[in-house]
Amino acid sequence: MITWIKQLKMAFGVAFLWLVCLIYFTQGFRSFVWTAVSYQLKDRLKLSPSASQFVFSIAFFPWSIKPIYGILSDCIPIKGKKRIPYLVIATVMSLVPWLILGENATSRSSMWHLTILLTVQNLGSAMADVVVDAMIAEAVRCEKALFAGDLQSISWLAMAFGGICGSLLGGYALTNLEIDIIFLLFSVLPAIQLFSCGLVEENSMDSEVFSEFSNSSDSHLLNGKTNNLDEDSSLEKKSNVTVRRRKKNQKKSTKTKFMPGKGKSPGKGKSLAIQWFQSLKDATYSLCHAFKQPIILRPMAWFFLAHVTVPNLSTVMFYYQTEFLKLEASFLGTARVIGWLGLMIGTFTYNQYLKKMKLRRILMLAHVGLAFLNLFDIVLVSRTNVAFGVSDKTMVLYGSALSDAINQLKFMPFLILSGQLCPPGIEGTLFALFMSINNFGSTVGSFVGAGLASILNISSGSFDNLVLGIAIQLLCTFIPIMLLFLIPKEATGTAS
């Protein structure tokens with residue numbers, strides 16, 4: 001393990017490796033602060049479950065438009081640099097909202113002020129995710145391709161470690177600290193991230209490279225995080241964006257140099273504005289042309305509809321667990337840790353036993369499993385478990401582990417199929433679009449869940465119709481199974 005890390009340090013430099021690990025650790029550690037946000041909406045603002053779900057849906061929308069950030073950073077360099085300036089902007093947007101929420105009581109007490117600040121914060125987090133993925137891709141593709149899998153693995157480890165730490169410490173912090181202090185404590189991580197951006201030096205590009213996006217046939221990795229509207233929004237993992245050749249590293253210095261390469265000069269008479277516009281136009285056209293192909297459009301439509309047709313009642317269940325079952329924040333943090341372990345088990349199960357199976361069958365089994373989990377929730381809400389001597393905490397722990405494991409079985413085919421469908425030359429940006437569609441489907445599913453809770457009059461302290469709501473969710477879980485004809489018949493869970 002130590003030898004492996006030393007090899008990565010020698011290959012990429014300490015500063016670059018530190019920045020990558022810090023960003024992914026922060027993405028995982030977000031559960032620390034988003035748990036506090038959930039309690040702020042419920043206890044301080046006294047919002048109903050449907051209103052809280054609405055706030056989360058709006059706040060996480062920036063994760064649904066990630067290709068925009070990738071195209072902008074590819075096509076419009078800032079002072080000749082494509083990555084570090086955007087990463088600095090993204091980090092500032094991630095940092096400032098938490099400082100405002102920590103220092104200004106008014107911003108925490110207004111639903112709309114809070115929603116706007118949380119949306120800005122997610123905009124910064126999503127943009128940082130796109131930019132660091134592009135930096136990783138350029139590093140491994142052009143210089144140290146041998147270490148590509150290693151760099152991806154260490155980013156996974158950093159994110160998982162951050163998620164476990166955030167879940168454990170988040171419950172403890174809510175029990176012992178005020179919410180404003182939690183917001184300020186979390187702001188330390190993006191502050192360190194902002195400082196760390198200055199440790200990685202990016203060479204300035206020639207001013208005439210801006211149309212390279214449309215000429216290049218290479219691509220660079222982009223990792224997307226599956227947006228879990230509860231806390232994490234952290235499990236989307238890594239795909240590809242556009243890559244450029246870079247110069248060889250200069251001699252060692254105190255700063256790690258990150259150097260995007262030069263492309264072909266497009267012609268000397270054009271203004272920067274025209275070059276930027278043409279580059280954006282070509283990138284958008286290529287993206288739309290590829291996405292309109294039926295072999296790509298149909299499977300992506302299935303994954304979108306699989307989210308939209310199933311109401312998301314996760315926020316309602318959070319209210320039920322904290323208000324009716326009286327489960328404390330520290331225990332819910334422990335449940336999230338169990339969820340992370342369940343996700344790892346789901347990944348292992350898929351790789352060991354399911355990857356050679358047809359995707360249609362895998363996705364069908366995943367939705368049958370989700371329907372079983374709905375029955376699990378019905379048993380909990382109807383209090384049937386008490387009659388059989390099973391505690392509420394046991395039900396919640398097992399439910400959390402099984403939920404994340406089964407959802408991972410559904411997400412892994414999405415990653416594999418997306419990779420298979422991406423045509424050469426625009427793999428990264430198109431994959432980012434796939435991830436955004438998946439995230440947008442989750443957002444719409446949360447809106448549908450909020451609407452269902454409102455129609456059934458499920459509110460804080462009033463859960464009489466929650467069993468009915470879960471029963472409707474269970475029935476809707478079978479709708480995507482009827483739409484599996486959209487998935488290629490012969491596709492398997494192994495990337496070709």
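Heads up, the Cβ atoms here are built off N, Cα and C, so glycines get one too.
Unlike curated entries, TrEMBL annotations are predicted automatically.
It should be emphasised that the depicted structure is a prediction, and the values quoted were computed from it without experimental measurement.
For reference, TrEMBL has these:
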- 215-227: compositional bias 'Polar residues' (COMPBIAS)
- 243-255: compositional bias 'Basic residues' (COMPBIAS)
- 256-269: compositional bias 'Low complexity' (COMPBIAS)
- 215-269: region 'Disordered' (REGION)
- 52-72: transmembrane segment (TRANSMEM)
- 84-100: transmembrane segment (TRANSMEM)
- 112-132: transmembrane segment (TRANSMEM)
- 153-175: transmembrane segment (TRANSMEM)
- 181-200: transmembrane segment (TRANSMEM)
- 301-320: transmembrane segment (TRANSMEM)
- 332-350: transmembrane segment (TRANSMEM)
- 362-381: transmembrane segment (TRANSMEM)
- 440-459: transmembrane segment (TRANSMEM)
- 466-487: transmembrane segment (TRANSMEM)
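Contact check: the transmembrane segment (84-100) against the transmembrane segment (466-487) gives fewer than three Cβ pairs closer than 8 Å, residues 6 or more apart, which falls short of the contact criterion. Through the fold, the transmembrane segment (112-132) approaches residues 19-20, 23-24, 27, 30, 37, 40-41, 45, 55, 58-63, 65-66, 69-70, 73, 83, 86-87, 89-98, 100-101, 106, 190, 193, 222-225, 233, 236, 241, 432 of its own chain, all at least 6 residues removed from its boundaries and within a Cβ separation under 8 Å.
Within the chain, the transmembrane segment (301-320) has long-range Cβ neighbours (under 8 A, six or more residues past its boundaries) at 38, 42, 49-50, 52-53, 56, 229-230, 332, 363, 367, 370, 377, 381, 410, 414, 434, 437-438, 440-442, 444-446, 448-453, 458, 460, 463, 466, 469-470, 472-473, 476-477, 479-480, 483-484, 486-487. Within its own chain, the transmembrane segment (440-459) has Cβ neighbours under 8 Å at 48-51, 53-54, 56-57, 60-61, 64, 226-229, 303-316, 465-466, 468-469, 472-473, counting only residues six or more beyond its boundaries. Long-range contacts of the transmembrane segment (362-381) within its own chain (CB-CB distance under 8 A, at least 6 residues past either end) are made by residues 306, 310, 317, 320, 350, 354, 392, 395-396, 398-399, 402-403, 406-407, 409-410, 413, 463, 466-467, 470-471, 473-474, 477-478, 480-481, 484, 487, 493.
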